[in-house]
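Q: Okay, handing you the structure first.
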Amino acid sequence: MTVMQHTLKIRRPDDWHLHLRDDAMLHSVLPYTSRHFSRAVVMPNLVPPITSVEQCIAYRQRILDAVPQGHAFTPLMTCYLTDALSVDTLMHGQREGVFTAAKLYPANATTNSACGVTSIPGLYPLFEAMQQSGMPLLIHGEVTQADIDIFDREARFIEQVMLPLRRDFPELRIVFEHITTREAAQFVAEGDRYLAATITPQHLMFNRNHMLVGGIHPHLYCLPILKRSVHQQALRKAATSGQTCFFLGTDSAPHLRGRKESACGCAGVFNAPTALQAYATVFEEEQALQHLEAFCSLNGPAFYGLPANEAYIELAQEPASVVDSIASGDETLTPFLAGETLRWSVRA
């Protein structure tokens, strides 16, 4: 990393948690990732979900076909775990270089997770095979019981699922995705080299007051939901600490404006256009710019056993205005920090 007055040069980053959707939406949103990020772990929660090698190969090709000319971008594909998925399918996908990782959604925990897992113990044969092969398990870490408060679901997931899982599969490589609580940050920080976590820009910049005070702000609504300020501060401390177990994962999750601004709005923040600038802002505020490159560009590849990118990207302390909306077909998307002026600009 090179730091000059008002500029910062870092290895080109990767996004270790990304939703690209499909069809017209894919073509609308992909350029905002590929212009800043060299690789991204692409989530499999399409309708229907990506549960076979053939589906995954076809989806990967649709992504590659949508990459703008002049952009160098590699999608890293994932398999959607279900109660019925076989060990043979998962391991075949890994051997063929199709599945980089497997994604565990508890059933009905978030967008397009109805086909998700209903029994964690039922997946133990998959976890054993993944532990032996070194394949990472990516987890949306929330319990879904109706009697558990939505703000408590991540902390309860640690107690009910993560602790037994780590006990039973101590060398299974696990990414606790988009962590949102002090408990999760502490759990990962105290773990070993087989445990890591991604953190989103919205959970670093905002807490539930920002979403709910003065009216409901639907474009900050995501799952796991924003928590109290004490959790936000714990996440900021974790992300900027320099610990290698924490790395960038935007969880950029686009929805058309009409589906966000509705009586039953969808969960997800479309942050790809502004994520890198947002992370830089947080690290600057925490006086930790010296750790930004590791968080964005080094820790993730190291955990996945991949080389860091050789290309570089430059961030400059220059004001950048965020547009209010982005076209997607005949409708629009609202980007994270829409209408605001950012402190940082990216020179790709």
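Using N, Cα and C of the backbone, Cβ positions are placed for all residues, glycine too.
Keep in mind that this is a model prediction, so the values were computed, not measured.
According to Swiss-Prot:
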- Asp251: active site (ACT_SITE)
- His17, His19, Lys103, Asp251: Zn(2+) 1 binding site (BINDING)
- His19, Leu20, Arg21, Asn45, His140, Leu223, His255, Ala267: substrate binding site (BINDING)
- Lys103, His140, His178: Zn(2+) 2 binding site (BINDING)
- Lys103: N6-carboxylysine (MOD_RES)
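Can you tell me where each of these features sits in the structure?
A: Asp251 (active site) carries neither a helix nor a strand DSSP state and counts as coil.
A C-beta separation below 8 Å, combined with a sequence spacing of at least six in one chain, links Asp251 (active site) to His17, Leu18, His19, Glu177, His178, Thr198, Thr200, Cys222, Gly268, Val269, Asn271.
Remark: Arg21 (substrate binding site) has Val29, Leu46, Pro254 as non-local neighbours, by Cβ distance under 8 Å and separation of at least 6 in sequence.
DSSP assigns His178 (Zn(2+) 2 binding site) to coil, not to a helix or a strand. Within 10 Å of the C-beta of His178 (Zn(2+) 2 binding site) there are 26 other C-beta atoms, taking all protein chains into account.
Other Cβ atoms within 10 Å of the Cβ of Lys103 (Zn(2+) 1 binding site) number 27 in total over all chains.
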Q: Could you state the CA-to-CA distance between Ala267 (substrate binding site) and Lys103 (Zn(2+) 1 binding site) to the nearest Å?
A: 18
Q: Ten-angstrom check, please: count other Cβ atoms within 10 Å of the Cβ of Leu223 (substrate binding site), all chains counted.
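A: Here the count is 21.
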Q: Run through Asn45, His140, Leu223, His255 for me and report the binding-site residues whose CA is within 10 Å of the CA of Lys103 (Zn(2+) 1 binding site), in sequence order.
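A: So far as Cα distances go, the binding-site residues lying within 10 Å of Lys103 (Zn(2+) 1 binding site) are Asn45, His140.
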Q: Under 8 Å Cβ-Cβ from Leu20 (substrate binding site), six or more apart in the same chain: what's there?
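A: When sequence neighbours closer than 6 are ignored, Leu20 (substrate binding site) has Leu26, Val29, Leu30, Thr33, Ala40, Val42, Met43, Ile63, Pro75 within Cβ distance under 8 Å.
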